[in-house]
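Presented below is the structure to which this report refers.
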Amino acid sequence: MSSADPVWRRRRHRETRHLLLSVLPGALWIFVFLVLPSLYLMSVAFMTNGGYGQPQLPLTLDAFRNLAGFGFLGWSPGNLYTLLRSLWQALLSLALVILVAYPIAWYIALCRAPLRPLMLLAVVVPSWTNQVIRAFGWMNLLAPGTPLSELAVRVGLVAPNLGLFPSSFAVTLGLVYNFLPFMVLPLYAAFEKLDHARIEAARDLYAGPLRAFFVAVLPQTLAGLLAGSVLVAIPAFGMYVIPELLGGGRSQMLGNLVAQQFGQAANWPLGAAGALLMLLATLVGLVILRRLGRRLGGDDMVI
Amino acid sequence: MPDTATDVAAARQQGDTARRASSIGLKGIRKEYPGGVVALESVDLQIGAGEFFTLLGPSGCGKTTLLRILAGLDEPSAGSLTIGGVAVTETPPHKRSVNTVFQSYALFPHLSVRDNIAFGLKMRGVAGAERDTRVKRIADFIQLGELVERRVDQLSGGQRQRIALARALVCEPDVLLLDEPLSALDAGLRRKLQVELLRTQQRLGMTFVFVTHDQEEAMVMSDRIAVLNDGVIQQIGTPQQVYERPVNLFVARFMGHDNIFAVSARHERRITTPIGELTGERPCHGAHVLIRPETIELSAPESEGVEPGKPLNRLFCRVEERFYRGNNVEYRLALEEGGTGATLIAEISNCGERLFRVGDRVRAEIYPEDVVALGDEGSTS
């Protein structure tokens, strides 16, 4: 049947119309509540900060200069440190999440079939509680004087009278804890489809356990690993609640900086510039991960 | 620095002499999976060096388990295994000079064909230059030469099968294990690769252990066949022995035979069956007999018969159905006297003689040596 056939063409037109109609409400929603506010936020980044914290004209690049650390008193590295700390925290917690989640996902996939949903549930259930409440839970567990902190003092990890909270250690711990399910689930999906014959083939071809892992297991789970990395690293990079509560002001991350500008500091253009930076950094991160995935030869990449 | 060129030559020569076939000995091999499922009951088996040996049986009979035990991928619950006279029962797979062609091929899709083939050599620490020559040699041998740079996922099923074979052969193992390597291919390609595989084995003189559920494939390829059922070896023998002289009901049915009759009474060489009284070559002990359809001679009842002087079983029948197959003709015959309603099937090769028609009276003649007694299941020849 050729596409010039009038009946065929009419049918295709009808299908296209149906498709447009069904997509329209969602598209409108996204446009009004995501695209427009984002455009507004971007424009704010190029405005001048008014006397009462209101963004106003004329358009300048002051906010970006501010973000880069240039203020009334000359250059200070505070914001740069915040950016680097955000990056470091995101990458560190990503690495730790992978270390913890990989064996968990593998183990669950090896369990008997009826057990697997239960174990996955056990991984996911904690995240049904509000993030803030869970952060408070960690505060109580890690505060000075609690058994964990006492133990850390005894071992000599922290100075006497100090606790494990507040600290950047507590922030990392909070991030790892918070994002674990986002890594376990995509990894589990990859492990569930694992072709065990490839492991056996590697063993049969004289590969020891470690080589067999790298040639037969890792490539098969790469797609899940990268999907999980995106789900963990990007929100971790912009995280606000956990550093705010567990960092005790000493471990500020980019998200806190942005929040501050929209709140106490009343400098919306600076906050918007920070948000824009975050967006750009995220895009760069995605591109890098995508390249990495292609390079390592995963064929069904999610990102 | 040693001269690499002479090194390679020496290594190659060594490789050629090292390409030796090994015998395999299995003694009392038993495999029980957690949960009490017994995959293999006490298997005893001797496979000769350079033999093409086939494990034949239906799915779940234990043939793949046996192969996995040979490869070292499964450990037997009891029993011992020797390859080339060396006990390897507890040797892990990567330390056995045994390679496997997997049913799913289990190639590494993120590697090129070349890297797939070279993988085993790399793991064994074979140097780069020698690795390249050996990969090239095997790729040419198996007619993959022009494909080595491709990615595995760009290849067809038959090509993947060849890569899987090349990947295992390049390591020059003492024993090559093949787990239904042709089952995923269509009939034409399958027949072609059967011949290729057989020629490869004959050229290399390597010991091949082949697993299949296809009795025809087993007969074409094998020096000897072991028929398995429920984790027990039913019969070991040449294709001819297994096909023509199945030892029990299971083997007879699995080899695709019709004309199996229960024995209701026996007196030395005389037995009573649903198709009447028959005389066998030897006293019959089995509960069933097999009369292969192609061993039956048919003639018009008024004629002299095939060999008038010989002591034949003569049965007078009427042709109930006829199936013309081109190269042969199958007749379904109803006994006229002495039978109890059983149907006898005769297969006559179509050499231009007159065909019988439905309703014709015929005389079926069966040589006593073609009455094959079938013993109880589990009895080994």
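Note that Cβ sites are derived from N, Cα and C of the backbone, with glycine treated the same way.
The domain 'ABC transmembrane type-1' annotation in TrEMBL covers A:83-289. Under the heading transmembrane segment, TrEMBL lists A:19-42, A:87-108, A:120-143, A:163-191, A:212-242, A:268-289.
Residues 85, 89-90, 92-93, 96-98, 100-102, 104-106, 108-109, 120, 123-124, 126-127, 131, 134-135, 138-139, 141-146, 148-149, 152, 157, 220-225, 227-229, 231-232, 235-236, 239, 242-243, 245-251, 253, 302 of the same chain sit 6 or more residues outside the transmembrane segment (A:163-191) yet have a Cβ under 8 Å from a Cβ within it. Below 8 angstroms of C-beta separation, residues 86-87, 89-91, 93-94, 97-98, 101-102, 105, 131-132, 135, 171, 174-175, 178-179, 182-191, 193-195, 198-199, 201-203, 253-256, 258-259, 278, 281-282, 285-286, 289, 292-293, 296-298, 300-303 of the same chain, each at least six residues beyond the ends of the transmembrane segment (A:212-242), sit close to that stretch. When Cβ-Cβ distances below 8 Å are used as the criterion, the transmembrane segment (A:268-289) is approached by residues 41-42, 44-49, 53-55, 62-64, 66-67, 83, 87, 226, 229-230, 233-234, 237-238, 254-255, 257-262, 303 of the same chain, each at least six residues removed from its ends.
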